[in-house]
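J.: Pasting a structure below so you can have a look.
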Amino acid sequence: MTFLAFALVAVGAVFLALYGVMCRREQAGDWKNRTSALVALSQGGAAVLFFGVSLATGGPRIEHGFLLPMLATGFLNIGIMYAKMRARALEDVSLVAPIDSTTPAIVIVTSMIILGEYPTTLGWIGIWLMVVGTYVLNIQDVRQKLVEKMTGDVSGWKRQARIWFAPFLALGRSKGVRWAFFAAMTATVSLNYDGLVARRADIGFGFGCVMSIAAAGNLIVAMARREFNGAKIGAILKKTAILSLSFGTAIYISSIAYRLTIVPYVGTMKRLQIPITIILAYFILGERKSFRERLAGGVIMTGGAVLIVLG
């Protein structure tokens with residue numbers, strides 16, 4: 001992976017982390033059950049920005065084989081964007097976030113099948129370090145809660161197993177965790193088509209189309225559920241601006257990297273948004289629990305990132 005590709009994904013991860021924190025904040029209060037509406041606003045606003053960039057840089061440039069991946073990732077993202085936002089509305093983030101950690105490990109396999117792309121040996125090791133580091137970092141909140149709740153009757157290894165695999169053990173009883181799992185598994189497929197979209201069209205037009213599909217799908221759901229009823233115009237405009245700007249900037253910058261390196265590396269390096277999210281949440285939302293413990297996961301992730309760059 002070239003240093004330029006790494007830098008692009010890292011900068012994109014900062015804006016993706018900002019988007020995640022803003023989603024959490026903007027979905028509070030009476031917007032908690034307006035998930036489709038928020039997705040439609042953020043995706044629709046970002047699509048307008050992307051089409052504007054495309055026109056400002058010479059207009060759409062499309063290559064052969066663009067239509068299928070654009071439609072594939074567009075329709076997949078209807079579900080992915082809804083599922084991610086819905087998961088955070090229904091369940092504690094400490095249970096939802098670790099599920100997303102598994103995406104890079106599985107996208108290696110889907111990239112082999114769909115694109116025929118293989119990481120180097122160092123890249124493989126780096127990806128797995130990123131997966132482990134991301135999981136360790138994300139599991140700290142739920143780990144602390146379970147340690148406080150569990151009694152001494154549970155044997156040592158069973159106790160640790162229940163703690164470290166709590167998000168997966170919650171699949172059967174938590175809708176939020178199931179939505180997160182659905183989003184993570186679907187993303188392992190859509191990431192490959194994201195890469196093809198970036199390579200077969202200018203990024204503005206290509207991802208503008210993808211976001212338009214995701215926005216339209218969620219808008220239909222939002223209208224059917226009357227999610228816009230009672231919403232104030234000022235709040236709608238504010239949320240659209242905040243979410244579409246942060247999300248659009250993140251996707252545009254990181255998508256350039258698809259032209260410079262393989263999809264598994266880009267998909268994995270996007271996990272850098274997680275330690276950045278923790279730092280932003282620390283300052284913006286005042287979330288300071290397990291901050292020191294999470295840094296251990298961040299250190300493991302850093303080691304993985306270094307190996308991916310060297311690979």
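Backbone N, Cα and C define each Cβ position, glycine as well.
Annotated domain 'EamA' per TrEMBL: 7-138, in sequence order. Marked as transmembrane segment by TrEMBL: 6-23, 35-54, 66-83, 95-115, 121-139, 205-224, 236-256.
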J.: Short question: which residues 6 or more past the ends of the transmembrane segment (236-256) have a Cβ under 8 Å from it?
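T.: Same-chain contacts beyond the ends: 8-9, 11-16, 18-19, 22-23, 26, 31, 38, 41-46, 48-50, 53, 194, 197-198, 203-204, 207, 228, 266, 270, 273.
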J.: Take the domain 'EamA' (7-138) and count its residues per DSSP category (helix H/G/I, strand E/B, coil), listing them in that order.
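T.: DSSP composition of the domain 'EamA' (7-138): 107 helix, 1 strand, 24 coil.
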